[in-house]
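Q: This is the structure I have questions about; it appears just below.
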Amino acid sequence: MKLTVFGATGGIGQEIVRQALAAGHQVTAVVRAPARLSAQGERLDVFRADLSDAESLRTAVAGCDAVLSGLGARGLKDARDGIAARLTRPVLRAMEAEGVRRLLVVSAAPLAPPTAEREPMLDRVMIGVVSRVLKPVYDDLRVMEDELARSATDWTSVRPPKLTDKPVTGTYRTQVGGNPRSSRAIGRADVAHAMLAMTEDPATVKQGVGVAY
Ligand SMILES: NC(=O)c1ccc[n+]([C@@H]2O[C@H](COP(=O)([O-])OP(=O)(O)OC[C@H]3O[C@@H](n4cnc5c(N)ncnc54)[C@H](OP(=O)(O)O)[C@@H]3O)[C@@H](O)[C@H]2O)c1
């Protein structure tokens, strides 16, 4: 496949690029600072871009089979500024202008609707504490998800719990429309693995998907 990766210098983004190249895909990595991109390869194009300019992003997404985004706030200040929504908006506009449909982004587990089955007490307490501390992050991601839902794209919002730097295992749980029970952590490399696996999975189109060990 021909894939365009935004946030390609981030923790998940670098893994998407590395695993996509290893799987034989053609990758366009969209970055603001090419020196931070560690992956190399014949099938890798590096596209330096100002993400505030949807028009300049059209070249990066034109003709690709799917766009995968690891974009997100680097800290609470960026989240308060609504960075995830702000960075994703021009990606949506560029895709719509080029008629590119498939988009996978990173969101977060607390964005999933509450489940009928009650989570274990420890998980409920943890979710409550984390949701209060990281409220600006989740508010930003909620705006981003609302804009995905209103877009013309075939989006998937991948919702991990706490991220770790564990190497890729390929072994994790996923749940379309919710979170796997007692979701506590997943490695950035496995989030990337899940996003690549979902790229061609129609069951995940226009859905939030929880991922966790
Ligand atoms: N941390 C957790 O436990 C956790 C849990 C659930 C969900 N999440 C979500 O997962 C996302 C991805 O995680 P991660 O660890 O891969 O994030 P990360 O390493 O912080 O990567 C964020 C990416 O967004 C890009 N970015 C940020 N601000 C930008 C700006 N103003 N202009 C252009 N690009 C910008 C960064 O580019 P540069 O490299 O150029 O800065 C980087 O590529 C997080 O942002 C968060 O929303 C996190």
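We number each residue from 1, going along the chain as drawn.
Every residue, even glycine, has its Cβ placed from backbone N, Cα and C.
In case it helps, TrEMBL gives these features for our protein:
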type	residues	note
COMPBIAS	171-182	compositional bias 'Polar residues'
DOMAIN	7-202	domain 'NAD(P)-binding'
REGION	159-183	region 'Disordered'
Q: Should anything in the same chain at least six residues away from the compositional bias 'Polar residues' (171-182) have a Cβ under 8 Å from its Cβ atoms, list it; otherwise answer none.
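A: Contacts of the compositional bias 'Polar residues' (171-182) (Cβ under 8 Å, skipping residues fewer than 6 from its ends): 109, 112-113, 115, 117, 119-120, 123, 159, 161, 190, 193-194, 198, 203-204, 207-213.
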Q: Which numbers of helix, strand and coil residues does DSSP report for the region 'Disordered' (159-183)?
A: 0 helix, 8 strand, 17 coil
